[in-house]
Every structure is written in C-alpha cells, then in structure tokens.
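Q: Copied straight from TrEMBL:
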COMPBIAS  1-15  compositional bias 'Basic and acidic residues'
DOMAIN    84-470  domain 'SLC26A/SulP transporter'
REGION    1-22  region 'Disordered'
TRANSMEM  136-152  transmembrane segment
TRANSMEM  164-186  transmembrane segment
TRANSMEM  198-216  transmembrane segment
TRANSMEM  255-273  transmembrane segment
TRANSMEM  280-301  transmembrane segment
TRANSMEM  337-356  transmembrane segment
TRANSMEM  377-396  transmembrane segment
TRANSMEM  402-422  transmembrane segment
TRANSMEM  429-450  transmembrane segment
TRANSMEM  470-492  transmembrane segment
Amino acid sequence: MREQGAFHLEEHGQTERSQWVLDSPNPPPLWKKLFSSVKETILPHGNKFCFSSKRKTSHGHALSCLKNLFPIISWLTDYKASMFKDDLLAGLTLASLCIPQSIGYATLAKVAPEYGLYTSVVPPLIYAMMGSSREIAIGPVAVVSILLASLVPKVEDPVANPNAYRNLVFTVTFFTGIFQTAFGVFRLGFLVDFLSHAALVGFMAGAAIIIGLQQLKGLLGLSHFTSKTDVVSVLASVYKSLHNQIASGEKWNPLNFVLGCSFLIFILITRFIGRRNRKLFWLPAISPLLSVILSTLIVYLSRADKHGVNIIKHVKGGLNPSSLHQLQFYGPHVGQAAKIGLICSVIALTEAIAVGRSFASIKGYHLDGNKEMLSMGFMNIAGSLSSCYVATGSFSRTAVNFSAGCQTAVSNIVMAVTVFVSLELFTRLLYYTPVAILASIILSALPGLIDLSEACYIWKVDKLDFLACIGAFLGVLFASVEIGLLVALAMVNPRWLVIHKLKLALFVDKIGKEWVFLTVGEAVDACLSTKIARA
C-alpha cells in the first residue's frame, strides 16, 4: 500500500514538474524590469513607495528619497561627540598610511604623484555621503593601478605623450563610474559573479607578484625598464638594464637599493610588532609616513640625490583642479577607454564589496551591494571631473581603519581633509623623497594580496575552482593582466547560472536563508514540494 502511494506521489511529482517547467509564466518585458530595478534602487521600499501613507507630504517623500540615496542623513542625527573622537583618531591614522601609499600607487599607474593624493580627497568625501559601509577606506589601490598601467599605455604612451595619457586615464575613470552606477541603478550586481572567488584569489596573487616586479625599477634605481608586465620580460629587462649601466660606464648607485631595503625591513618589523600587540595598531599604520619623513631628511642632509639616489622632485600642491575639459568623448580612443573602464569597474567593485562585506559581517550589519555600486559609481564620476583616477576600497587601509576603532564613515572625511591640508601645505617637503621609498611602501602592502590559505582551502573543496585559480594566476604572471582576466572569466564555474536562476525564483527566501548545497534537480523538487504543501 505504501509502495503504491509512493509510486503515485512520484508520478504526480513528475507530472507536476513537467507542468512547472513547460507552463511557466511569461517573464515581464525588459522595460518593466528596468523600471522596477530603478524604482527599487532610488525609492525607499521600492514599489511600496507609491502606496505609502497619504498623510506623508511631498516633502516627506523627498526626504525619504534623499535618505535612501545619502545614508549619512539617517545616521548623522544620532552622531555623538564620543563617536567623533574615535573617527578622528581613525581618520588621522588612516591619512598617515594613505598619503605615502597614494603617491606610490600614482607612480605605479604612471601618472604624476599628486594625482594619487587628489584621488584620496574627492572620492572618500562622496562615498562618506552615499556609501553604506562604516569601515571601508576609499582611495587608489595597487590592483587597479597596475590595471591602468598595463592597459592604457597600449592606447597612449605615458612617456612620449604624458598629457594625452593622463587625459585618457581620466576618461577611463569616468566610464568606470558610469558602468558602476549602471550596475547599481539597474541592480546588475550579479555581473560581478562572472569573476568567481577562486579566480579572484589567483588573479590577486598574480597581480601582487607583477606589482612587486614593477617596483624593481625604483628599488634598484634603473633608468631603463620594459613597459611589459609579464615576469619573463621584467626579469630580462632588469638584467639588461643593470648590465648596460655597468658595462657602458654609466654609474649605477647601490644606495637606492640599500635605502629602499632598509625602510622595507623597518615597515615589515613594525607590522610584525603591531600584529603581536594589538594596542600598537598605530605603529604599522604610521610607519610608511615615518619612512618618507626620515628618508627625505637623510637625502636632504646628505645630498644623496647628487650621488645617484633618485628622488620624486616636484609634487604639485593645492586643491584638485577641474579635469572636465580633459575628458575625451570624441576621437579614436573612446571605445578603448570604455572597454578599459568596464574591466576596471568590475575589478574595483569586486574588491570593494568583498572588503566591505568582510568587515560588515564582523560588526554584524548588512551591506547593500547595489547601494555600494551606486556610491562607487558616483564617486568615480566626480573623481574623473576633479583630476582623480579610479578609486575603490582598500583592504590594507580598511583593516587599519577598523583596528583604529572607526565608528562611521566620518573617518573617510577626516582622512580626506587631512590629505587636502597636506596638499596645501606640505607637498614642497616631498621634493627630496627617494623613489626607492615609494617602491618599498608598495612592496610592504603586497603580502595582503596573496592568500595562500584560501588557495589551499579551494584545492580541498573544489579542484575545478582551484584550476580556475591557478589559470588566472599563471595568466597574469606569464602573459599579461588582461590575459589573466580572460582566463579567469573563461574558467568560471558554470554554477553561477544556476545560482542566478534560483535568485530570480526567490528560492532561498522560500526555504530559509541558511547555506544551501543542492543540484538543479533537487532545487526543482524543493520548489515543487513547497508548492504542493501550500496547495
């Protein structure tokens, strides 16, 4: 009797499944989807906004929209003096790390040092008003800088035509902001899933090694260096440059290497001390700035620049100049700028959202991915109009911000104001700063991009994902950054398609928000059982 009932239930389930699959309702038209996405992003409570209380005035509706777009309006009313004390300390600590790193990342992106500082002023201010993360620190980062340095020079030569190169970087930043804003407005966050976690781990590790190899030019004081990024070309270029400088009688001064390595060891020692003693979190944060100050004093007092030590020389100060008229919307390179902007937007969003969600989970609050995309997009659009290049969330600076006890995004505002004051008053003091010190500061930040434990975990969990991880790593290391990205995209596990379909069906909402591991057939059966139970 039970067997007959089970057979009947199974037959009924198969019939129900065929009807559920074949007689599915027609999807809504594209314009309706887009309108609904925009409405849910911009208006509070999405579609319920139109049916809100009639007592609510138009002024109240406008205020609700503003609070949705600018979360700072909501929490600023409850802001206390004790919170500002914590944010002030965190912001000042953040600025001490941000200033030398921003200069170093600007040189990595092959633009003048001041543009790195500009990027640490306007984008953090915009994000503080629009972003939903309390801990994330905004500014230039190593991975995006190396992306620009590897992709943009194929269109414009930064040595032969530095002005055209700079203008193209601003244009790329504008398109990056446009794409990020579109992702947020139309709720296209699933596009970030094209780059799987495993592929991202491999890509970041490969990028870290490539960035480190690029710093050999500044660390060794080389005058000639390759524009390629793969490991073979870089090592061959280092050997040829050293051989030519020594063989041709051109002086090669080892003081650059000695100075850079000495302060690199100093920064790494302070980081070790900071990890052993949490109360000294501020020591590794200020060590890059201390390195800049001490090395600049050493070079200035000893006149080491006269004996072969390379210095950064002039750094332009003052408020961010407008770059509106430098954007290139006409000409042969617009399409290429848009393509590079799309790549940068995905990489920047992936890094920022991963960083933001990591620290949000520690603090126990939810990070809205679509709002993050919207805020990132607006800040990069504003940045492109004010002489900034692509900015995003930095893991190393966010960790410092978190350790310093930040309470809100006001720490970003404090950091931006501090960098602005430095631009107004202290840029002349950076004239004698050695290039090798900037290289050592960038090198000290790279170990955080290489996650060996995560790679081992991926190997244990899923060999196919590990293959994507290794493929992205080797592609970046031995070919180029864009080849590494293509490999990462080509080897993405197709399970993201299933996950996306389940999201559209609100499957997780039906059975609970815990972690779910199941096949497509099991997912269909689960949905059917839920439907039968309700009937």
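Even glycines carry a Cβ here, placed using N, Cα and C.
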Q: Pairs 6 or more apart in sequence, C-beta under 8 angstroms, 3 or more of them: is that satisfied by the transmembrane segment (255-273) and the transmembrane segment (164-186)?
A: no
Q: Excluding the flanking five residues on each side, which residues at least 6 beyond the ends of the transmembrane segment (470-492) place their CB within less than 8 Å of a CB in that stretch?
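A: Distant contacts of the transmembrane segment (470-492): 146-147, 150-151, 194-196, 199-200, 202-203, 205-207, 209-210, 228-232, 343, 347.
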Q: With the transmembrane segment (198-216) as the reference, which stretch in 164-186, 337-356, 377-396, 402-422, 429-450 has the largest tally of C-beta pairs below 8 Å?
A: 429-450
Q: May I ask which of the stretches 136-152, 377-396, 402-422, 429-450 has the most CB pairs under 8 A with the transmembrane segment (164-186)?
A: 377-396
Q: Hey, does the transmembrane segment (280-301) touch the transmembrane segment (429-450), meaning at least 3 C-beta pairs closer than 8 angstroms, sequence gap 6 or more?
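A: In contact, yes.
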Q: Give the nonlocal contacts of the transmembrane segment (377-396) in its own chain as ranges (CB under 8 Å, at least six residues past its ends).
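A: Non-local partners: 97, 101, 106, 109, 111, 115, 118-124, 126-127, 130, 133, 136-141, 144-145, 148, 169-174, 176-184, 320-324, 327, 344-345, 348-349, 351-353, 355-356, 445, 448-449.
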Q: Counting only residues 6 or more past its boundaries, what in the same chain has a CB within less than 8 Å of a CB in the transmembrane segment (337-356)?
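A: Long-range Cβ neighbours of the transmembrane segment (337-356): 132-133, 135-136, 141, 143-144, 147-148, 151-152, 155, 168, 171-180, 183, 191-192, 194-195, 200, 328, 367, 369, 372-373, 376-377, 380, 390-395, 398, 482, 485.
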Q: Over the domain 'SLC26A/SulP transporter' (84-470), what is the model's mean pLDDT?
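A: Mean pLDDT, the domain 'SLC26A/SulP transporter' (84-470): 91.
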